[in-house]
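First comes the structure, then the notes that go with it.
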Amino acid sequence: MSSIESVLTETRVFAPHETFRQAATVSGLPGYQALCDAAEQDYTGFWANLARQEISWQTPFTEVLDESNAPFYRWFADGKLNASYNCIDRHLEKRANKIALIFEADNGDVANITYRELHQRVCRFANALKKQGVGLGDRVIIYLPMSIEAIVAMQACARIGAIHSVVFGGFSAKSLHERIVDVGAKLVITADAGIRGGKQVALKASVDEALELGGCESVEKVIVYQRTGVDIAWNPHRDAWWHEVEAAENDNCEPVWVDAEHPLFILYTSGSTGTPKGVQHSTGGYLLGAIMSMKWVFDHKATDIFWCTADVGWITGHSYVAYGPLALGSTQVVFEGVPTYPDAGRFWQMIERHKVSIFYTAPTAIRSLIKLGGDLPHKYDLSSLRLLGTVGEPINPEAWMWYYKVVGKERCPIADTWWQTETGAHMIAPLPGAIDLKPGSCTRPLPGIIMDIVEEDGTHIEGTGGGLLVVKKPWPSMIRNIWGNPERFRKAYFPEELNGLYLAGDSAHRDEDGYFWIMGRIDDVLNVSGHRLGTMEIESALVANPLVAEAAIVGKPHDIKGESIVAYVVLKGERPEGEAAKTIAGQLREWVGKEIGPIAKPDEIRFGENLPKTRSGKIMRRLLRSLAKGEEITSDISTLDNPAILDQLRQSAG
């Protein structure tokens, strides 16, 4: 394989502010290096010490890492613990009256819940689940809006050793059905409806539809949280109201102690083709990853008000809403709505209102807010912020700079985090008191995370260069299996040609300082006239143009060049048509030529009012590839938030 070429030049560097560095959990580069050295000298000992310090064990482990059945690795296997105990009970002695969750509803209503109150609610609901016949190892589907109830449901499952599988409330009945069948769910927890952006989203109706599709005989009961009071169909033999089953129980439920390798949850990855892929995570190793990344990457302190904007239907909402913050006894904001309702100032108004100190959101949200109101943050008091984070995709340098300057006022470090559903927790991200920042780079691997960049045959790429991103050693929070499909797990993540390396599926470039730059998914690498170009870099160049709000690049087969470059562009102003579109397309082509080089100039530019995205905000590139080739869209688009946009994007401005 020829190395993937990095054509993006980014020379801006931002060192940690001295006041931040002095107070940081890991202070200065020597502090980071000392942790990395400790992991290198005694890898299993490094993780064992952290597991003993940070997790409350009912039975301490004596085995650290079992590699006897690789790649099905086991961590802390003879230890016993309970995730709910670690997230709630252990805080009751000293922090019972501390606010655990600040819930802000779509309409702005706020409800707070303390750790004592959370403990009572989780215990009552766990008892209700037991009364419905749910026990150790049973699978429970959770299909709820963002709410205190969603977190209570997850924690209640963990408390009794049931395995939860959360399905994002934006997914269709068909997607829900696939997951119910694949996981063999015994019980489904849902709501009558959710509320997003002032509009109701039917949930119970989707559950009813999913169960009618057949093959769901495993489901015995459906528990319904009454969020809106809307009329819904009711099956008295199967359905039960949440408030009724919870009210009937007492508020004490002893935790069920489970093996460290007991599955805590199964989460299906979005955007995969074919049958859904149920990523299975452990209890002990997963919890350790969530805790350490909260401490290292977010520099978490007891006084912080933490806000991760992700829905619990995604891995980010598992690790950095439902588990990580609670395991540290944090106070966090939980948000039901969307960033643009009732207007584009919603996030900033909430940061001011709740005095948020750590704010973690997606580049997609940042870019949309730049477009809708780039100056809006100036109208709010954001002085409580001390750290910003991004998650879900690489962030373009220009969006990074806006976030840093306008939101963070050039004093808040940005934790650009690379990780995956499969990794469980952050893998590459800056330790903010130790690592200099470069806009667009996720910087360096966390201590104890051994990353590399290799050729397609697994050969290590020395020094600077681009290739496949891999993990060289097993880590505690890693995926344990694909539910019910170990062979698919082995082939997808540990292909034979990589000789035991974990294949992330992303391409990356390492610069002269050892910083990692994510260049896109492996299938987002273009081969243009023999040059391998990362789509991310061309997108970043386009977004750096003052006219452009958002861009996506895909390849299209070309007789001469191998692949031609097709750009889908959303402008900050109105979508241009006719001659205006051709003129702007020409300007953007020249811009990319100057920013990167003639090789990267898009052959085609198509303008849209938006890009096709999943309901979590990820660009659906497979649809863009089909559009570029002129193919009919025949694949499942149930997760597509804005289907009407596809017709706009069929038209080329030249």
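Each residue, glycine too, has its Cβ placed from N, Cα and C.
If you check Swiss-Prot, you get these features:
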BINDING   R196, G197, G198, K199, T316, S529  CoA binding site
BINDING   G392, E393, P394, D416, T417, W418, W419, Q420, T421, D506, R521, R532  ATP binding site
BINDING   V543, V548  Mg(2+) binding site
MOD_RES   K618  N6-acetyllysine
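Features as recorded by Swiss-Prot, highlighted on the structure.
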residue	record	DSSP class
G197	CoA binding site	coil
G392	ATP binding site	coil
T417	ATP binding site	coil
S529	CoA binding site	coil
V543	Mg(2+) binding site	helix
V548	Mg(2+) binding site	strand
Distance [Cα-Cα, Å, rounded] between G197 (CoA binding site) and V543 (Mg(2+) binding site): 27
Other C-beta atoms that fall within 10 angstroms of the C-beta of the residue listed as 'N6-acetyllysine': 19
Site of maximum Cβ density within 10 Å, from binding-site residues R196, K199: R196
Nearest-integer angstrom distance between the alpha carbons (Cα) of the residue listed as 'N6-acetyllysine' and G392 (ATP binding site): 8
Neighbouring C-beta atoms (10 Å sphere around the C-beta of R521 (ATP binding site)): 17
From binding-site residues R196, G198, T316, S529, V548, the one whose Cα lies nearest W419 (ATP binding site): T316
Whole-number Å value for how far P394 (ATP binding site) lies from V543 (Mg(2+) binding site) (Cα to Cα): 13
Among T316, T417, T421, S529, the one of these binding-site residues whose Cβ has the fewest neighbouring Cβ atoms within 10 Å: S529
V548 (Mg(2+) binding site) to P394 (ATP binding site) - Cα separation in whole Å: 17
Between G198 (CoA binding site) and G392 (ATP binding site), the C-alpha gap once rounded to whole angstrom: 25
Length of the line joining the Cα atoms of P394 (ATP binding site) and T316 (CoA binding site), in Å: 15
